[in-house]
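Lifted from TrEMBL, the feature list:
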- 10-145: domain 'Creatinase N-terminal' (DOMAIN)
- 153-353: domain 'Peptidase M24' (DOMAIN)
Amino acid sequence: MQFTPNTEAIKALPAKEGLDAVIAMSPENFAYASGAYISTVRLIRPRHAYAVFPAKGEPFNIVCSIEESLTRSESWIPDVRTYTEFAEIPVEVLARELKKEGLGSGKLGIDLDYLPVSAYEALTAALPDAEFVNTTETVTGVRVIKGESEIALIEAATRQTHKAVLDAMEASNQGDSEADMAQKIANNIINYGADGTLFMAFASGERTKHPHTTAQSDVLPRPGDIIRFDVGGTYGAFASDFARTYSAGRPSEEQKDVYAKLIRIQRETIAAVKPGVLAEDLFFLCKDLYAKHGLPFTMPHIGHSFGVELHENPMLRPGDKTPLMAGMVINIEPMVKHATGTYHTEDLVLVTETGYRLLTLGLAPEELPVIGQTINY
């Protein structure tokens, strides 16, 4: 899935920040700034990719030679330069190309939150007269407001993942293992349009207290068990992020009550989304709603933005005073740990000029769903 980055904002960063160039090189910043998604730079950390934006002159990419054709096919930047893996050190090639452009002694911004110390030392040794500043957040700041193509891609990914979950859980039955159910979800995510699965946190019963555990083939959820999962697919440079809670059958009245309260809390929190509301305001509202409904609150955050990175700013946490703005996407995901199980629900919304628009197929049902159940939207 292709998207169009905010190229003008990216190209304007060096002048805006008083720099001679900005170098986007974390996997997420490179993918966004260049428009080219190179999966191996996430999986093979020494394989760097750089998108260089000089204050004067045209931008250029530097990538491993085996990724040249992909970069040329996807990036909006026509100038693609390469290095040979193992034969050349990526940061030394970066230094060489910066010198060619007259930037060897400039003030340069780079993703110091990502660049390994060893690579930074090699880079400063190759460019002793340059000054390096951290522009990780400078580039990620451009990503906060999503463009139309990003929103369309994120919405499609989110809805496909939601449908994958609905169909998989409807097809699940008593006697299925956790792994059986998780496999149904994963198969559907791919069959419905994803490149693959990004993560699959899945647990039942006592194991739901572990937020990011994986499904087990020898664990068969029993009637009365809570089933909780948080899943995501990969869609080019982007992903989906979606959570739901089910019952394995015959839920108790207490389980139904805890679940219903959590769903009401999420719905009331989402209803407060609109431009001007601070990110931390939603956190404290949600926390107050837990107290109102008599549920324990232990969460360090209750949601986050996301895009080419799973967690992006703003984060719905104490201290994040970012005002919500139209074009932001926000995942709102309250969770509660209870004696009867851990419950979790997560939905993505787009902040609009007047409020919000839901990007999932619909909010979780108010009554605790059971495996095998059909849920219509």
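Glycine residues also receive a Cβ, built from the backbone N, Cα and C atoms like all the rest.
TrEMBL annotations: computationally assigned, not manually curated.
Across the residues of the domain 'Creatinase N-terminal' (10-145), the predicted structure has a mean pLDDT of 98.
Residue counts for the domain 'Creatinase N-terminal' (10-145) under DSSP (helix as H, G, I; strand as E, B; rest coil) come to 57 helix, 28 strand, 51 coil.
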